[in-house]
Each structure stands twice: as structure tokens, then as C-alpha cells.
Amino acid sequence: KFVLRNFTFAVSWRAEEILYRLDVDWPKHPEYFTGATFCAAVDSLNGLVYVAQRGDNIPKILVFTEDGYFLRAWNYTVDSPHGIFAASTQYEQSVWITDVGSGVYGHTVKKYSSFGDLVQVLGTPGKKGTGLNPLQFDNPAELYVEDTGDIYIVDGDGGLNNRLIKLSQNFMILWLHGENGTGPAKFNIPHSVTLDSAGRVWVADRGNKRIQVFDKDTGEWLGAWNNCFTEEGPSAVRFTPDGKYLIVAQLNLSRLSVVAAPPVGSIGECSVISTIQLADQVLPHLLEVDRKTGAVYVAEIGAKQVQKYVPLNSYVPPFGS
């Protein structure tokens, strides 16, 4: 009996690398989390972390330092934030928010200054729609802004639209895939979007339980990963700064997976290197990776907090630096 029990114990560990540890001191004052925390963004140039939360009569946007000190909060023209992305250059600190609210500011993708000044609105505020001219959204889920200023938007989170749109820096549509379905380049709740250093766009196609991959310049479909997500579709996708791994969240499983990134020119099959199993009902919704430090910030709508995971190994300098 004793030998058998030991054996079972050994097997349950599996040959997985442990790549991250939880930073229990982030943030210094978690009492600022007063609503359901839907998303987080990192401005690695300026060492800032943005958190967007939902709730009544609370500040929707919280700004922290990467060390966890609270800086400020604001709420101006934010209805129900869903996704967030910090797109700072040396000339401006800015943050983009996708707003899925049904109020007068909803169904938009908006750019703000770091202090909450509204700079740009895409979409028709307060009106959901399928139009392209002018551009309309319905529950826009997330966006990713390239250093060039080009913007990738996934629209949406269970609304009228199931599409991936690429906009130029002056907001012209460069290409889009826009159909509901299960075939290549069709979507069912495209929930998160990111880029790798090889010019590929990665989309968490949540309802179809897969990740789809596209060429960022042409929009050409390059392939899909189905095999890692049989239990539940991915809700978030981000790369580590060295481009070696993709970090994926599965909301209802309360799980983060570290997946090997494929070489240039091939998509192949999905291969999980490591997992972080969170407690039941933590519900990791979206996440962001600091391009300088590799720290992972996970927005948990069940636990109503953002947690920071730090890589155990220090990284080589990230791409784009």
C-alpha cells in the first residue's frame, strides 16, 4: 500500500517546468479593487499598470506603478470596460479601452491620456452596429496597438459581430475577417488579440475553442490551434518578451497555460509547457505581459483583483527594444 501511494504522488507532479511565481506584494493596497476587474494594461516605457473595473459609483480606471503603488483613478466617459491596451511612445502616454456598455459611451474603442482625458473615439457611442463606414462595434472585446500605430481589434464579446479588424494609424480599415462560423478565418466570440515578432496576429477564438493565426500585413489565414483547448476556449493571449512562449488564460477553468511559440513559417500544434492552476472561481479574464520585465498581470473577474506573476528566470531584452 505504502509504495503505491508514493507512486501516485510522484505521477501527479508531471514533468512541468515552474516558470512563474506570484508576487504577493502587488499591489501594495489591494483595497483599491472595488469592482470586478476585467482587464489590465502595462506601459513598460513608463513603468505603469492600468486596471479597468466595473461597478456602480466606483472609479473604472486605476493606475499603479509596476512596483504596486497606487497613483490615480479616473472614470470620465467610461461605461463598461472590457479590454485595455497601453500604447505609449516617448512622446505620449496613452491607453486604449474597449467599452461594451449599453449607455451613452458604449460600443466604442477609445483612446485616453494617462490622466483620463478622452483623445479619440472609434465606433458610434451608445449605438451598436455592424457598419464599416462609419465603423460600428457591438461589444468590442480587446485591441492590440503596434508600435507603428496600426490597431488590431476583436469585435466582439457575444454581440452582433465576430470579426478581426486591422486599422491604420489614421483609422482606415486595412483588412478584416468578419464572419461568424467555425471554418478558417471565421469566429465565434473573438475575445483577445496579440502580435508576435514574426508579423503574425494571434486571436483567442473563444467560442470555437481555438487560437487562429494571421499574417499581419495581408490578413492571410496561417493556421489554428485546436488541440489545447478541448475543455474550454481561450479568453486571453499574450507573448512573453523573448517570443518563446504564449501565455493563455481559460476563464472558467481558472487556468493559465504557458505554451511554446512555433517557429517562423509554421504554426503546428499547440504544446503546453507549464500551467498555473488558480483557485476555483478566480476566473482569469484578460492578461498583459510587461515587455521589459516579462511580468504577467492577470485580471480576475471572480476574485475581483489583478495578480502579478514574475518570471523565475530573467529575460533577454524584449523585441522592439
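Placed from the backbone N, Cα and C atoms, the Cβ positions cover glycine too.
Keep in mind that what you see is a predicted model, and the values were worked out from it rather than measured.
Feature list (source: TrEMBL):
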type: REPEAT; residues: 178-217; note: repeat 'NHL'
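This prediction places the mean pLDDT of the repeat 'NHL' (178-217) at 97. Using a Cβ-Cβ cut-off under 8 Å and counting only residues 6 or more beyond its ends in the same chain, the repeat 'NHL' (178-217) has close neighbours at 83, 141-144, 146, 150, 152-158, 161-166, 223-226, 229-230, 232-239, 243, 246, 248, 261, 264, 267, 270, 286, 319-320.
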